[in-house]
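See below for the structure under consideration.
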Amino acid sequence: MAAVSGAFVVSQTSLSSSKHHSPSSSPTMLLGVRAFPTNSKTTRGLIRCQLSSSSVSALQQLKKSAFDRYTKERSSIVVIGLSIHTAPVEMREKLAIPVAEWPQAISELSALNHIEEAAVLSTCNRMEIYVLALSQHRGVREVTQWMSKRSGIPVSDICQHWFLLHNKDATQHLFEVSAGLDSLVLGEGQILAQVKQVKEKLRNGFGMVIPGLFEKAITAGKRARAETGIASGAVSVSSAAVELALTKLPPGSASSAVMLVVGAGKMGKLVIKHLVAKGCTRMVAVNRNQERVAAIQEEMPPGVEIVYKPLDEMLACAGEANVIFTSTASETPLFLKEHVETLPLPAAARLFVDISVPRNVGSCVAELEGTQLYNVDDLKEVVAANKEDRARKAMEAQDIITEETKKFEAWRDSLQTVPTIKKLRRKTDRIRADSVEKFMSKYGKDMDKKTKEAVEDLTRAMVNKILHGPMKHLRCDDTENRPLPETLENMEALNRMFELELELLEEKIRAKMEQK
């Protein structure tokens, strides 16, 4: 939908599925840690909304349409993602979105025609977009096209490496992510902090369901760690990077190796701490400003020296280093082949350990003699042995994930009655106000102010008493011990009796128009 002014023309059309949904091939698409066959249907009826010069309103057109899926189906939670398990770093770095750009990305996604709410979780190991979609199929298509446009990656390539989950499966996946069960390093704690970052970005009016989903995910992540001990002894990405570097150095050279850390952010700080834990007492840190390096130095034990160097001395420092760790937020490589080939050859091999996404070191650097290059995808061999030991605890954590998923589904189900309660209240109040206005126009001329106020109070009291019964049967809180299915049946009945369904849809259309 290119614009939002004017009326909507609603018609049925069919959409051919992509080659990945071919009934002849029926391939399997990776969904998180589970695999499901793709849909074999090749056509599906959809609503097409276009601008029309007709004066007929969107609501009138929808009343005439028999195709009322948007009034019968509630919106779906969908996650479209690519992770270290499904996509190479070359693709993930193009899709990555810096934390500072998350709010803008969320706003753009929420403005898509079939998306109500959105969130972005972008880390070195994953790029996941969570949305509340009016239509699963159209919503997924719009989000995928948005990802393609932003990254320059063709939609077909994204679909080859994505995983796609809906509703309960999407909820369970995020809870597993928050608990560290889907991480390269099982049980690592940094992902929980990143999920909290997303929740912080969703504070300012980005909806109700998706923020609630992330809030419950944080609870699930905390419980899984506290009640199972899955995080105890967990290798982090930064510690795995240090382990990898030390195993690749020539025997006996680790104690004398010159260590260079480029970037003094969270990951750089962790790399330095792990180096110190392994016995390294002197290292060079390159950063844009000295303050961060000085703050890290203050946290180090006596005898540890961190030498600060500005960014313009990075290449010179690299020429003297045996191991270079890179962990900056730069969106372009800091080291390319033409940079490194000018450096003096080291006595031993020069190692680049790049744990940034997007990568800080170009892949062409690995072609140079005496140079070894490793990135986040190469850390798998380090964490493989560590992973088996905590697999048993992961089984315990799954029980917690299942329990928290059920709680979230119950909370989300309870939200279904909220729009009906609001619309019923507004409609009855509108009828009351119209009736009072007609009465006053005929009989109110001779009334004093006090009598007019008494009429207003009386009619409001009458409406409140009439609504007490219906409202009571729509409550999903602890005050009413009523099964949820019964409450939802009551909601559907009231929607039909008071013709609220089309009003609810009109409100959704109006919300999208205001976004545009």
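Here, residue 1 is simply the first one shown, and the rest follow in order.
In case you wondered, yes, glycine gets a Cβ from its N, Cα and C as well.
What TrEMBL lists as active site, nucleophile is CYS124.
Listed in sequence order, ASN125, VAL177, ILE191 are the same-chain residues at least 6 apart in sequence whose CB falls under 8 Å from the CB of SER183 (substrate binding site). Here TrEMBL flags THR123, CYS124, ASN125, ARG126, SER183, GLU188, GLY189, GLN190, GLN194 as substrate binding site.
Long-range neighbours of GLY268 (NADP(+) binding site) (same chain, six or more residues apart, CB within less than 8 Å of its CB): VAL261, VAL262, ALA285, ASN287, PHE325, SER327, THR328. The NADP(+) binding site annotation in TrEMBL covers GLY263, ALA264, GLY265, LYS266, MET267, GLY268.
Annotation comment: TrEMBL describes 488-515 as coiled coil.
TrEMBL lists 396-500 with the feature domain 'Tetrapyrrole biosynthesis glutamyl-tRNA reductase dimerisation'.
According to TrEMBL, the feature site 'Important for activity' maps to HIS173.
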Same-chain neighbours of the substrate site, Cβ within 8 Å of the mean position of the Cβ atoms of THR123, CYS124, ASN125, ARG126, SER183, GLU188, GLY189, GLN190, GLN194 and not counting those residues, run in sequence order as GLY180, LEU184, VAL185, ILE191, VAL237
For the binding-site residues listed here (GLY189, GLY263, GLY265), which one has the lowest count of neighbouring CB atoms within 10 Å of its own CB? GLY265
Please list, in sequence order, every residue of the chain apart from GLY263, ALA264, GLY265, LYS266, MET267, GLY268 whose Cβ lies within 8 Å of the Cβ centroid of the NADP(+) site. VAL261, LYS269, LEU270, VAL271, ASN287, ARG292, SER327, THR328
Here the Cα-Cα span from ALA264 (NADP(+) binding site) to CYS124 (active site, nucleophile), rounded to a whole number of angstrom, reaches 16
I'd like to know the mean pLDDT over the domain 'Tetrapyrrole biosynthesis glutamyl-tRNA reductase dimerisation' (396-500). 85
